[in-house]
Amino acid sequence: MSGGVKLIAGLGNPGDQYARTRHNVGAWFLETLAQQRNQSLAKENKFHGFVAKCNDYWLLKPTTFMNESGQAVAALARFYKIKPSEILIAHDELDFPAGDIRLKEGGGHGGHNGLRNIIQHLGSSDFYRLRIGINHPGYKDRVTPYVLSPPSENDRIAILAAIEKGLRLIPELVQGDFQKVMRELHS
(Lines of atoms letter the chains of each structure in order from A and count residues from 1; the text may use other names and numbers.)
(Lines give C-alpha, C1' and ligand atoms only; values in the text may rest on other atoms or scores of the structure.)
Protein backbone atom coordinates (compact mmCIF):
# COMPACT_ATOMS: atom_id res chain seq x y z
CA MET A 1 0.00 0.00 0.00
CA SER A 2 1.16 3.52 -0.67
CA GLY A 3 0.01 7.12 -0.42
CA GLY A 4 -1.84 8.68 2.45
CA VAL A 5 -5.35 8.26 3.79
CA LYS A 6 -8.08 10.01 1.79
CA LEU A 7 -11.12 8.56 3.58
CA ILE A 8 -11.57 7.99 7.32
CA ALA A 9 -14.70 6.09 8.33
CA GLY A 10 -15.81 5.51 11.91
CA LEU A 11 -18.03 2.47 12.38
CA GLY A 12 -21.03 2.14 14.63
CA ASN A 13 -24.77 1.60 14.67
CA PRO A 14 -27.23 4.46 14.06
CA GLY A 15 -29.61 5.72 16.73
CA ASP A 16 -29.42 7.11 20.23
CA GLN A 17 -29.83 3.65 21.79
CA TYR A 18 -26.42 2.64 20.35
CA ALA A 19 -24.53 5.94 20.62
CA ARG A 20 -22.74 5.12 23.89
CA THR A 21 -22.11 1.42 23.23
CA ARG A 22 -18.76 -0.30 22.80
CA HIS A 23 -19.63 -1.18 19.19
CA ASN A 24 -19.74 2.55 18.39
CA VAL A 25 -16.21 3.50 19.44
CA GLY A 26 -15.26 3.94 15.77
CA ALA A 27 -18.04 6.51 15.47
CA TRP A 28 -16.79 8.16 18.69
CA PHE A 29 -13.38 8.48 17.02
CA LEU A 30 -14.83 10.04 13.88
CA GLU A 31 -17.12 12.46 15.75
CA THR A 32 -14.22 13.64 17.91
CA LEU A 33 -12.02 14.09 14.84
CA ALA A 34 -14.73 16.17 13.14
CA GLN A 35 -15.10 18.34 16.27
CA GLN A 36 -11.34 18.87 16.56
CA ARG A 37 -11.17 19.92 12.90
CA ASN A 38 -14.25 22.20 13.24
CA GLN A 39 -16.11 20.12 10.67
CA SER A 40 -19.85 19.58 10.61
CA LEU A 41 -20.89 16.14 9.45
CA ALA A 42 -23.74 16.54 6.94
CA LYS A 43 -26.11 13.73 6.01
CA GLU A 44 -25.52 12.54 2.44
CA ASN A 45 -28.03 9.90 1.38
CA LYS A 46 -26.03 8.87 -1.69
CA PHE A 47 -23.16 7.93 0.66
CA HIS A 48 -25.41 6.30 3.29
CA GLY A 49 -23.87 8.44 6.01
CA PHE A 50 -22.76 11.72 7.51
CA VAL A 51 -19.87 13.24 5.57
CA ALA A 52 -17.39 16.13 5.85
CA LYS A 53 -14.45 17.20 3.68
CA CYS A 54 -11.40 17.93 5.78
CA ASN A 55 -8.58 19.41 3.65
CA ASP A 56 -7.31 16.46 1.58
CA TYR A 57 -9.44 13.72 3.12
CA TRP A 58 -13.06 12.77 3.73
CA LEU A 59 -14.76 11.87 7.00
CA LEU A 60 -17.60 9.33 6.93
CA LYS A 61 -19.93 8.12 9.66
CA PRO A 62 -22.25 5.53 8.08
CA THR A 63 -25.97 5.70 8.85
CA THR A 64 -26.27 2.00 8.04
CA PHE A 65 -26.14 -0.63 10.73
CA MET A 66 -22.67 -2.01 11.44
CA ASN A 67 -23.10 -5.13 9.31
CA GLU A 68 -23.97 -2.95 6.28
CA SER A 69 -21.09 -0.45 6.64
CA GLY A 70 -19.64 -1.45 3.28
CA GLN A 71 -22.48 0.30 1.43
CA ALA A 72 -21.39 3.67 2.79
CA VAL A 73 -17.63 3.16 2.50
CA ALA A 74 -17.82 1.80 -1.06
CA ALA A 75 -20.26 4.50 -2.24
CA LEU A 76 -18.01 7.37 -1.14
CA ALA A 77 -14.80 5.61 -2.24
CA ARG A 78 -16.13 4.89 -5.72
CA PHE A 79 -17.60 8.36 -6.20
CA TYR A 80 -14.31 10.10 -5.31
CA LYS A 81 -12.08 7.37 -6.84
CA ILE A 82 -10.45 6.54 -3.50
CA LYS A 83 -8.50 3.28 -3.55
CA PRO A 84 -8.88 0.75 -0.72
CA SER A 85 -5.25 1.46 0.26
CA GLU A 86 -6.27 5.10 0.92
CA ILE A 87 -9.04 4.18 3.37
CA LEU A 88 -8.82 4.05 7.18
CA ILE A 89 -11.60 2.31 9.12
CA ALA A 90 -11.85 3.09 12.86
CA HIS A 91 -13.62 0.26 14.70
CA ASP A 92 -14.04 -1.56 17.99
CA GLU A 93 -11.66 -4.44 18.70
CA LEU A 94 -12.68 -7.19 21.14
CA ASP A 95 -9.22 -8.77 21.12
CA PHE A 96 -7.53 -5.72 22.70
CA PRO A 97 -7.97 -4.36 26.20
CA ALA A 98 -9.77 -1.05 26.61
CA GLY A 99 -7.16 1.65 26.15
CA ASP A 100 -5.20 -0.13 23.40
CA ILE A 101 -5.26 1.27 19.87
CA ARG A 102 -3.39 -0.20 16.93
CA LEU A 103 -3.06 0.33 13.22
CA LYS A 104 -3.35 -2.68 10.93
CA GLU A 105 -2.68 -2.81 7.21
CA GLY A 106 -4.98 -5.14 5.27
CA GLY A 107 -5.91 -8.61 6.47
CA GLY A 108 -9.14 -10.42 7.19
CA HIS A 109 -12.22 -9.31 9.08
CA GLY A 110 -11.40 -11.16 12.31
CA GLY A 111 -15.09 -11.91 12.86
CA HIS A 112 -16.04 -8.21 12.75
CA ASN A 113 -19.22 -7.94 10.66
CA GLY A 114 -18.61 -4.31 9.72
CA LEU A 115 -15.18 -5.16 8.30
CA ARG A 116 -16.59 -8.27 6.60
CA ASN A 117 -19.17 -6.12 4.79
CA ILE A 118 -16.61 -3.47 3.80
CA ILE A 119 -14.34 -6.15 2.32
CA GLN A 120 -17.33 -7.54 0.41
CA HIS A 121 -18.40 -4.14 -0.99
CA LEU A 122 -14.88 -2.95 -1.86
CA GLY A 123 -13.85 -6.32 -3.26
CA SER A 124 -10.62 -5.84 -1.33
CA SER A 125 -9.22 -6.08 2.19
CA ASP A 126 -6.31 -3.74 1.39
CA PHE A 127 -7.46 -0.90 3.63
CA TYR A 128 -6.11 0.29 6.98
CA ARG A 129 -7.88 -0.42 10.24
CA LEU A 130 -7.58 1.63 13.41
CA ARG A 131 -8.45 -0.99 16.01
CA ILE A 132 -9.75 0.50 19.27
CA GLY A 133 -9.70 -1.97 22.16
CA ILE A 134 -12.92 -2.58 24.11
CA ASN A 135 -12.00 -5.82 25.99
CA HIS A 136 -13.67 -9.20 25.50
CA PRO A 137 -16.52 -10.42 27.73
CA GLY A 138 -14.76 -13.78 28.11
CA TYR A 139 -17.31 -16.00 26.40
CA LYS A 140 -18.37 -16.04 22.74
CA ASP A 141 -22.08 -16.21 23.59
CA ARG A 142 -21.79 -12.93 25.52
CA VAL A 143 -20.20 -10.91 22.68
CA THR A 144 -23.39 -9.45 21.14
CA PRO A 145 -24.93 -8.10 24.37
CA TYR A 146 -21.46 -6.94 25.45
CA VAL A 147 -20.69 -4.85 22.35
CA LEU A 148 -24.22 -3.41 22.36
CA SER A 149 -23.88 -2.10 25.92
CA PRO A 150 -21.94 0.88 27.28
CA PRO A 151 -18.47 0.30 28.72
CA SER A 152 -17.76 0.64 32.43
CA GLU A 153 -16.61 4.09 33.50
CA ASN A 154 -12.98 2.92 33.77
CA ASP A 155 -13.12 1.33 30.31
CA ARG A 156 -14.79 4.43 28.86
CA ILE A 157 -11.98 6.64 30.18
CA ALA A 158 -9.36 4.22 28.75
CA ILE A 159 -11.14 4.10 25.37
CA LEU A 160 -11.33 7.90 25.18
CA ALA A 161 -7.60 8.12 25.99
CA ALA A 162 -6.86 5.64 23.18
CA ILE A 163 -8.99 7.69 20.79
CA GLU A 164 -7.04 10.83 21.69
CA LYS A 165 -3.78 8.97 21.06
CA GLY A 166 -5.01 7.98 17.60
CA LEU A 167 -6.28 11.47 16.79
CA ARG A 168 -2.84 12.97 17.43
CA LEU A 169 -1.50 10.83 14.56
CA ILE A 170 -4.01 11.90 11.88
CA PRO A 171 -1.44 14.15 10.12
CA GLU A 172 0.94 11.19 9.72
CA LEU A 173 -1.88 8.96 8.46
CA VAL A 174 -2.90 11.56 5.86
CA GLN A 175 0.74 11.93 4.78
CA GLY A 176 1.14 8.15 4.50
CA ASP A 177 3.73 7.75 7.27
CA PHE A 178 2.16 4.49 8.46
CA GLN A 179 5.37 3.10 9.94
CA LYS A 180 5.66 6.10 12.28
CA VAL A 181 2.02 5.66 13.33
CA MET A 182 2.60 1.98 14.06
CA ARG A 183 5.73 2.76 16.09
CA GLU A 184 3.82 5.36 18.13
CA LEU A 185 0.73 3.23 18.74
CA HIS A 186 2.38 -0.14 19.22
CA SER A 187 5.09 0.89 21.70
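Glycine residues also receive a Cβ, built from the backbone N, Cα and C atoms like all the rest.
Taken verbatim from Swiss-Prot:
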SITE      Asn13  site 'Discriminates between blocked and unblocked aminoacyl-tRNA'
BINDING   Tyr18, Phe65, Asn67, Asn113  tRNA binding site
ACT_SITE  His23  active site, proton acceptor
SITE      Asp92  site 'Stabilizes the basic form of H active site to accept a proton'
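Non-local neighbourhood of Asn113 (tRNA binding site): Met66, Asn67, each in the same chain, at least six residues away, with C-beta under 8 Å from its C-beta. Spacing of Asp92 (site 'Stabilizes the basic form of H active site to accept a proton') relative to Phe65 (tRNA binding site) is 14 Å (Cα to Cα, whole number).
DSSP assigns Phe65 (tRNA binding site) to coil, not to a helix or a strand. In the three-state DSSP scheme, Tyr18 (tRNA binding site) is classed as coil.
For Phe65 (tRNA binding site), the count of additional Cβ atoms within 10 Å of its Cβ stands at 17 [all protein chains shown]. Phe65 (tRNA binding site) and Asn13 (site 'Discriminates between blocked and unblocked aminoacyl-tRNA') have their C-alpha atoms 5 Å apart, to the nearest angstrom.
When the Cα atoms are compared, Asn13 (site 'Discriminates between blocked and unblocked aminoacyl-tRNA') and His23 (active site, proton acceptor) turn out to be 7 Å apart. Listed recorded positions: Asn13, Tyr18, Asn67, Asp92; maximum Cβ neighbour count within 10 Å falls on Asp92. Neighbouring residues of the recorded tRNA site, listed in sequence order and excluding Tyr18, Phe65, Asn67, Asn113, comprise Asn13, His23, Thr64, Met66, Glu68, Ser69, Gly114 (Cβ within 8 Å of the Cβ centroid).
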